[in-house]
Amino acid sequence: MDASSKKVSIKTAARVRPCSHGTNLQSSLTIDSENSTIIVKSKNKEYRLNNVFDEDVTQETIYDTVAQPIVYDFLGGINGTIFAYGQTGSGKTFTMNGYKITETSDSPTRGIIPRSIESIFEILNEQSKNDPQFKFSIKCSYIEVYKKVAFDLLQTDSATVKIQASGEQIIIVGAAEFVVTSAKECLSHFKNGWNNRKTAPTSMNRESSRSHAIFMLTLVTEEIQGISVNLRTSRLNFVDLAGSENQKQTKSTGERLKEAGSINQDLSHLATVIRDLEKKDSFIQYRNCFLTHLLRDSLGGNSRTSVIVTVHSNLKFVNDTLSTLNFAENCKKVKNKAKVNVAVSTKDVEAWKTEIQRVQKDKSSLMEEIQQLKEEKEQMEKRQKEDAGTILILQNEKKTLKVEAAKHVQEVNEEKQNLQTQISFLEKNVAEQKEQINALEKSQKEAFEFQLAQMKKEYDLKIKKLSNDLNKANEKEKKREAEIAEMKQINSGLQNDNKQLKEKVQALQIINDQMKNQRDADDNYEQPDICSDNGDLDYVDENEVPIIPTDESVSSGEESDSKENEVPMQASPGSTSHQSNIIRAPNYRLGSEYYRSKWIKHLYIFDFNDKTLCYNYVIPPKNEKSKKAHFICINCKNKHKTNVCATIVSNENGEECVKLDTKKHVCQRQKFEPQTIIYEPDYKLITVECGGKKVERLYVLDSNDKTFYYDYIWNQSAQSYRCSNCVKKKHYSSAHLTKDESKKECCVLSAQKHHHDCKPKKL
C-alpha cells in the first residue's frame, strides 16, 4: 500500500467513576472537564489530557468525543484502535460494552463498541445506496489473552491462536473470521464471543474480567473511478483490558491470584513499551508479550489510537489512580504514523474486459452443446417408434387382465348380496327391540306421573298447614306488640323515677365526698398536689403523645362506661373490691410516652365496652419525683379546667391497683393509639447535598415491605422530622430520634392518627 503518512499523537481521555458503595466516600480528585485537567488532591499532582469526564458524563458523549473520530478514519482506510485501561471495577467494560450485553439500539447506556458498529454500517449502507460503483466487505474476529495464551472467542472449542509478523502487517493464525453484512449480525458475533470470555467475582467486582479481550473489524472498500479502481483496507481494534489488581483490595486467592499475576505482568509490559516509545528508543520489545505484539501497529505504528483510562474517585484507591493517570500521560507523548491504506489499479478493468471475452467464448461453447443435445433427442424419438411393437404386446396383456378383473368383480357382487341379506335380518331385530323399549318407556312414564300426583297432593297439605301456622304466628305477634306498647308506657314512668333517683344520688355523692375528705385527713392520706388550679398540664397534647409500653407496663384493663347522665364509676370487671373507685389489672395500663425531648409516665384506664377507648392520665411535673404515683386526666384539665385524679396504691393483699378520684370525667374518652419505636436497620439517617448545602434525611423503611421507605426531613420550628411528601399535602407524619429508657438509640414515630397521606418510595 502506498499512501502518505503523518505522525499523530495518541489521544488520551480520563473517565471518573462515582464513589463505590461501602468504600470511603471522600473524593481524592478535582475534575475540570472544561480545561481537560484532573488533580489528585492528596498528592497535589495535576494531569492535563485531551479530555477529562466527570461522574455524570453520558455514554453518548464518550462515544462522540473519543470513538467517533477513530470510526470516521477507519471508514476512510486508516487503521484505528480504541482501548480502555484502569483498575479493576473502575468502569472499563461499562465504557466499552455498556450496562448489559443484551441492550437494544435505543438504550442510552450502550457502550463504545455497539455504537461504533451501528454507525459503521449506517454510513457504509448509505454510501453504497448513493454510489453504485461503491462496494464494501466487513469481517469480524474476537480473541482474548488469558494467562499469556491467546484464545479465539468465536470458536466453541477454545482454539488457541498465534501471531505472525509480515513486514508492517500483523497476521493472526488460527482465529476465525466471519463476514458480516449488518450491524445486527456483527453484534450477534460480539455477544457470542463475550459470553465465552472468562470472568469471575472478586471483592471489588462481581463480574471481574480475567483476560484481555480484542474485538477486530476488517473493512475492504472498492470504488471505480473511470478506468481506475480504489481499493482501501483498514482494521479497527476494540481493546477491553483486564483491570490491574491489588491483592489486599481484591482479596484474591488460589486461581484468582494466579490470574491477577498474569494480568498485572501484561499491563506492566504494556506500560514499559509506552515508556520506551516516549523515550524514542531504537528497539521496542513488542514480542515479549502477546498483548503488545498484537497491538504493535496501535502503539507507535500505522494506526490512529485513542486511550480512555477509568479511575476511582475514592481516596482509598488514590495510589492506583496515580498509576493509571501516569500511564495516560505517557501515552499522550507517543506518536503513531497513520496513513490511508489504499491501492489504485487500472489492470483490474482490463482483467474484467478479458473476463467478459472469456464468458462470451463460454457462451458459444454452450450453444454448441445445446445443438448436440437436440440431435440426441431426435435419436431418442426414433428409438421410441422402434419400441411400438413392444407396447402392442403390453396392451394385449392389459386386455387379459381386464377379463380377470371382471370375474373378480362378479364374485365381489355376490358376496355383497349375501351381506345385504344379513343386514336386513339385523334391521328387523333392531325394530322389534325398539318397540319393546317404547313400551317400557310408556309404562315408566305412567308410573312417574302417578308418583308426581301423589307428591303434589302431599305438598298441598303441607302448604295448607304452614299457612294456618303463619296466621297463628301473626296473631301472637299482634299480642306481643300490644305488650311492648304497654311496657314502653311503664318504662317512661320508670325513667322519670330514675331521674329523681339520680338527683338524690348526686346529693348523696356530695355528702360522700365530704366524708371521704374527712377520712383521708384522719388517715394522713398523702393526696397529690394536682387538684389546684395552679397544676397546669397544657404541656401535653393528646394528639401527639400516645402510649409507649415499657418493661413495667401491665396488661390493659377496662373502665366502666361513665356517661354524663349515669352514676360516675362502677366496679371494673375482674375486680373483687366493693369500692367503686378501685381499678385492678387488667383494666388499666402504665407506660411512658416521648414528648418534647423527654419520656413522660402515663396511666390509661380502658372503656368497659370498647377497649380501643380510654381515659389518659399523666403525672404533673411537680409530682414526678414523688414516691407515690399520682396522675391527673389530661383532657379534663386542659380542655375543661377540671382535676380528675388517680393514684397507684396497694390493696390489703399487697397487690397493685388504681384508686380513682370521686369526681366525674367531663371529657370524652380518646382513642388508644400507641407510638411506634423502631431501631436500626429499620431507619437510616443520611446526609445529602441539595442546592450546594448539606441536608439531613431520615429514611424509615416500610414495615410491610423493606424495599420501600418514607423520606423524612428536619423541621426546625417543630424540632422533629416530618414526611416530605405528606408536608406537600398539608398533612404530616412526624418522627423523633432519641434514646429509649434503656439508653438505646431509637426512632419514635407519631401515633397512628398521624398516618401517611403519601405512598412509600422504592428503595
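Placed from the backbone N, Cα and C atoms, the Cβ positions cover glycine too.
Owing to the predicted nature of the structure, the values given are computational and were not obtained by experimental measurement.
In TrEMBL this protein carries:
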- G86, Q87, T88, G89, S90, G91, K92, T93: ATP binding site (BINDING)
- 535-544: compositional bias 'Acidic residues' (COMPBIAS)
- 9-334: domain 'Kinesin motor' (DOMAIN)
- 516-580: region 'Disordered' (REGION)
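All features noted in TrEMBL, drawn onto the structure.
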residue: G86; record: ATP binding site; Cβ contacts under 8 Å, 6 or more apart: K92, G243, S244, V309, T310, V311, T324
residue: S90; record: ATP binding site; Cβ contacts under 8 Å, 6 or more apart: R17, G243, T310, V311, H312, T324
residue: G91; record: ATP binding site; Cβ contacts under 8 Å, 6 or more apart: R15, R17, T310
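Most Cβ neighbours within 10 Å, among the binding-site residues Q87, T88: Q87 holds that distinction in the structure as shown. Every protein chain considered, the tally of other Cβ atoms within 10 Å of the Cβ of T93 (ATP binding site) stands at 26. Within 10 Å of the C-beta of G89 (ATP binding site) there are 23 other C-beta atoms, taking all protein chains into account.
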